[in-house]
Amino acid sequence: MAQFEEVSKQSILHPKPAGLALQYGTAGFRSNSIHLDHIMFRMGLLAVLRSKKTKSTIGIMVTASHNPEEDNGVKLVDPMGEMLAATWESYATMLANAEQEELISALNEIIEKEGIDKSQEASVFVGKDTRSSSASLSQAVLDGVHALGGHSKDYGLVTTPQLHYMVCCKNTQGKYGDATVEGYYKKLCQAFTQLVGNASNCTDDQKHLCVDGANGIGALKLREMISHLNKGLQVTIFNDGSKGKLNHQCGADFVKVQQKTPTGIQVNPGDRCCSFDGDADRIVYYFADSQQVFHLLDGDKIATLISTFLKELLIQAGLNLKIAVVQTAYANGSSTDYLENTMNVTVRCTKTGVKHLHHAALEFDVGVYFEANGHGTVLFSKAAEDKIQQLAQDSRIDDERKRAALMLQSTINVINQTVGDALSDMLLIEAILAIKGMTVEQWDRIYTDLPNRQLKVKVSDRRVIDTTDAERRAVSPAGLQEAIDNLVKTYRKARSFVRPSGTEDVVRVYAEADTQESADALAHEVSLAVYRLAGGVGEEPKPLH
Ligand SMILES: CC(=O)N[C@H]1[C@@H](OP(=O)(O)O)O[C@H](CO)[C@@H](O)[C@@H]1O
Ligand SMILES: [Mg+2]
């Protein structure tokens, strides 16, 4: 086939460093950018095959999210804007690691296994973040797409969720919206403006929000979006990339893990602040109280705020739709307790990784999912959207029901249902606070987080740890779970679990308890148990205090 000759010819220009092997992990490939040129070219090839197989447009995003600036990575986006199907992750790994002379046979293997029609047209959307390596790496993606005869559209600098959105718009023939950045802003901002029309007497002070853009793409895109907001929101952007380094001491991951304000932002008592991550698919909020004490409102607090709002609207609208919140084991115990016992909503716990949460959320009429780290969104079933739509157009219902139905409709439009989206989540949260006339302090007081601690332990092979029950219990190595259970018993309100990370070569330890000292001590003791029973390497974990 002529195209294969082209692939062979071109692939020599994107050579694979001998001996290098990388894995398509939880969030695609991620590594130091110098190792990634061949990966990008080959993911261009894979996206063409995926496009032929699904007879749809596929997306490729060049980004390494919250990783340091030197790193880069690539994520593939499936037809409805969701993450690449798990069955294709192994093809991605196979293509990435094939030696030069094995490349064509690797492509043929996928074509045969998947029964792909080679004559089918292929189309791939490409986007990139602001890293200095992203320009040449996205060119390598495009080279791969063209070498295999695919059509491409290069969106240039976009956030990861914007690219997911474009793919979904394209494959729904515009039903989800216009597949342009302008179309994205228009849809979200119009819905936001309609929603805040329900907020009475919002002062300029209440409309003010400080945003830490992590010196990345989120800052650029937020600036573009603001011009569509008609002053409904007053945003001051910090860490906008004009001087600081991407993700360096700033951004959502830094704020969540370090539990402190990022550098480059002035936080005065009462200011409402939020941080995006490096590709703007995560968001966390925070503020400093009058004593200058830092308070974090993470994914769990966001899920609680959004699900409370939606549940109230569903009741007001008189709609009998089932709402559920999907979390992972990292969700703070207080949030789960509040959702289940005070709000009486169904709570599901899944394994770590957005694809698991997204999948579980699809089972409900309204599925709110958030990882504690701030990645999340809301999914509405087709049936739920139809019911809301019908009610919003029903002229026989009373004003209260009508208003609730219209607000639900705007909520659906402000949300990016394809994936967690910092810009979209920010608009929804801001609208809810404005409508409820709620300050960030009041939001924070809905429930009080249990003090918690996350630690990492290095072991020689983290795969010796196997877990069950959505990663909340370890089934191997022998004796580990028993040791954790015995330690947990010695603290009040305590919970702890361990699991191998899917993105780093470490075992993660999580502990929570009634006080910070107890959470820290428990996390340390569990780390020691991991170190001793699961083949710890290097120095024994030291106590935190
Ligand atoms: C505790 C934690 O925050 N884990 C993160 C992290 O996964 P690990 O498998 O824990 O390394 O990266 C994932 C991808 O970004 C994200 O989905 C997940 O929430
Ligand atoms: Mg991200």
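Using N, Cα and C of the backbone, Cβ positions are placed for all residues, glycine too.
Taken verbatim from TrEMBL:
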DOMAIN    52-85  domain 'Alpha-D-phosphohexomutase alpha/beta/alpha'
ACT_SITE  S65  active site, phosphoserine intermediate
BINDING   S65, D277, D279, D281  Mg(2+) binding site
DOMAIN    103-168  domain 'Alpha-D-phosphohexomutase alpha/beta/alpha'
DOMAIN    179-284  domain 'Phosphoacetylglucosamine mutase AMG1'
DOMAIN    298-437  domain 'Phosphoacetylglucosamine mutase AMG1'
BINDING   E371, A372, N373, R499, P500, S501, G502, T503, R508  substrate binding site
DOMAIN    475-527  domain 'Alpha-D-phosphohexomutase C-terminal'
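Positions of the features from TrEMBL, shown on the structure.
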residue	record	Cβ within 10 Å
S65	active site, phosphoserine intermediate	28
D277	Mg(2+) binding site	34
D279	Mg(2+) binding site	33
D281	Mg(2+) binding site	33
E371	substrate binding site	25
N373	substrate binding site	23
P500	substrate binding site	20
G502	substrate binding site	14
R508	substrate binding site	23
Fill in: Pairwise CA distance, D279 (Mg(2+) binding site) versus S65 (active site, phosphoserine intermediate), rounded so that it is a whole Å
5
Fill in: Distance from N373 (substrate binding site) back to D277 (Mg(2+) binding site), taken between C-alpha atoms, in Å
10
Item to complete: Give me the largest Cα to Cα distance among E371, A372, N373, R499, P500, S501, G502, T503, R508, the residues the record lists as binding substrate, in Å as a whole number.
Response: 17
Discussion item. Can you give me the residues near the recorded Mg(2+) site, meaning same chain, not S65, D277, D279, D281 themselves, Cβ no more than 8 Å from the center of the site's Cβ atoms?
Written reply: T63, H66, D129, T159, T160, G216, A252, F276, G278, A280, R282, H375, A422
Response to the item:
Other same-chain positions with a Cβ less than 8 Å from the domain 'Alpha-D-phosphohexomutase alpha/beta/alpha' (52-85) and lying at least 6 residues past its termini are 24, 27-33, 36, 39-40, 43-44, 46, 92, 114, 116-118, 120-129, 131-134, 137-138, 141, 158, 160, 163-168, 170-172, 176, 214, 217, 245-248, 251-254, 277-279, 281-282, 354-355, 358, 417-419
Worksheet item: Hey, how far is P500 (substrate binding site) from D281 (Mg(2+) binding site), Cα to Cα, in Å?
Response: 23
Worksheet item: What Cα-Cα separation, expressed in whole Å, is found between E371 (substrate binding site) and S65 (active site, phosphoserine intermediate)?
Response: 15
Worksheet item: Going through the binding-site residues D277, N373, P500 in sequence order, which have a CB under 6 Å from an atom of ligand 1?
Response: N373
Practice prompt. Looking only at C-alpha atoms, tell me how far R508 (substrate binding site) is from the residue listed as 'active site, phosphoserine intermediate', rounded to the nearest Å.
Written response: 20
Worksheet, complete the sentence: For R508 (substrate binding site), the three-state DSSP class is strand
Worksheet item: D277, E371, N373: which of these binding-site residues put a Cβ within less than 6 Å of any ligand 2 atom?
Response: D277
Worksheet item: Where S65 (active site, phosphoserine intermediate) and D281 (Mg(2+) binding site) are concerned, what is their Cα separation in Å, rounded?
Response: 8
Worksheet item: Tell me, by DSSP, whether P500 (substrate binding site) is helix, strand or coil?
Response: strand
